[in-house]
Amino acid sequence: MKKQNLRSMAASAIEKVVEQGQSLSNILPPLQQKVSDKDKALLQELCFGVLRTLPQQEWLISKLMSRPMTGKQRTIHYLIMVGFYQLLHTRIPPHAALAETVEGAVVIKRPQLKGLINGVLRQFQRQQEELLAEFADSDKRFLHPEWLLKRLQKAYPSKWEAIVEANNQRPPMWLRVNRNHHTRDEWLALLETAEMNGFTHDAYPDAIRLASPAPVQALPGFEQGWVTVQDASAQGCMTYLEPQNGDHILDLCAAPGGKTTHILEIAPKASVMAVDVDEQRLSRVYDNLKRLGMKAEVKQGDGRTPGEWCGDEQFDRILVDAPCSATGVIRRHPDIKWLRRDRDINELAQLQSEILDAVWPHLKPGGTLVYATCSVLPEENSQQIAAFLKRTSNATLRTTGTPDKPGVQNLPGAEDGDGFFYAKLIKE
């Protein structure tokens, strides 16, 4: 495999996220196919790391360069950020970080700027201590966009700093043991045999947190469906959905299929319809079902128009894993901070409201609907459910909060899980 310049690849990917609004989860996998296995993790670290600390990198450039790079030279702007990130946040020897970053200018076809890149990075090395001290007192130190900080400060006056700090950390790797193959303790023993360590959590009966992240190929029985990568908070949905054998269950907004397969692990004889609006992402649902040896009825469809894909069908249980701002999973997807806009929140809340109203008639009397998001914003969560309860006379809240403050809100980093919201509704 031809040796690639990872720094230039990372710079191009970061530019596409920040300048073009593309998602890193779409950009990164094809790039990783071009590099050796040992370089895949470094490429991901450079992309995730720069996006996690973007305001710091932008601030440093503003201090060390008289004017920003524009036009066709714009990628160099992000290449310099990749250089800063390596010097500040990785164990890469400084001489190697500098050499590889400067060489990236050749790959980007801007060899005439090698001297500029080298000069800026070396100047940073000389002034690093005083620059970082100044940054620590700047309003950029929280590494979040201003609109999101304001919303977090309003919603969580005493907790917003802890949320921000959790968002800026690297996430742990959580797994879900397939109880149809092994008990959690049995699989934990297999993990230890493979010379890896994991920890259990009392609140999540199938969950194991790895002591340190590992490639899925290294996990015992991953290809055979013994275990799935899924955050503990996402696993928590089943605490409220409580799927049973014989149930007819709708998993709405189902891609990539983590919750669909969890339902079938708990209730193998349930009949499950998994629906998502994004046809491309449904391929992940099929992949997960195949790996785990499970069957579900998979359909492409819009949650606002269920009549188009299920007629007048009714379900015993419905999981609405609603499209949301994903502000609870920023530590896993740091590009969210730069892809989301303040105006998106009201639009998402409206979409969620329309989905709830549309699917409620498809829940059988006495049935359970669990509304879940990976957001921490009240507009998408407690306020959304409070408004739904107010306008829906036959909906009752169960075991998740109170009518004036409905739902259960997990905050990022609490018990090492992602930020997640759940509300359990019963149809009278």
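Placed from the backbone N, Cα and C atoms, the Cβ positions cover glycine too.
What Swiss-Prot says about this one:
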- Cys374: active site, nucleophile (ACT_SITE)
- Cys253, Ala254, Ala255, Pro256, Gly257, Gly258, Lys259, Asp276, Asp302, Asp321: S-adenosyl-L-methionine binding site (BINDING)
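Feature map: annotations from Swiss-Prot on the structure.
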residue	record	Cβ neighbours (10 Å)
Cys253	S-adenosyl-L-methionine binding site	22
Ala255	S-adenosyl-L-methionine binding site	24
Gly257	S-adenosyl-L-methionine binding site	27
Lys259	S-adenosyl-L-methionine binding site	23
Asp302	S-adenosyl-L-methionine binding site	15
Cys374	active site, nucleophile	26
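In this structure the C-alpha atoms belonging to Cys253 (S-adenosyl-L-methionine binding site) and the residue listed as 'active site, nucleophile' are separated by 13 Å.
Site extent for S-adenosyl-L-methionine: among the recorded binding residues Cys253, Ala254, Ala255, Pro256, Gly257, Gly258, Lys259, Asp276, Asp302, Asp321, the largest C-alpha separation is 19 Å. Under the three-state DSSP scheme, Cys253 (S-adenosyl-L-methionine binding site) falls in the coil class. Cys374 (active site, nucleophile) sits 13 Å from Lys259 (S-adenosyl-L-methionine binding site), counting Cα to Cα.
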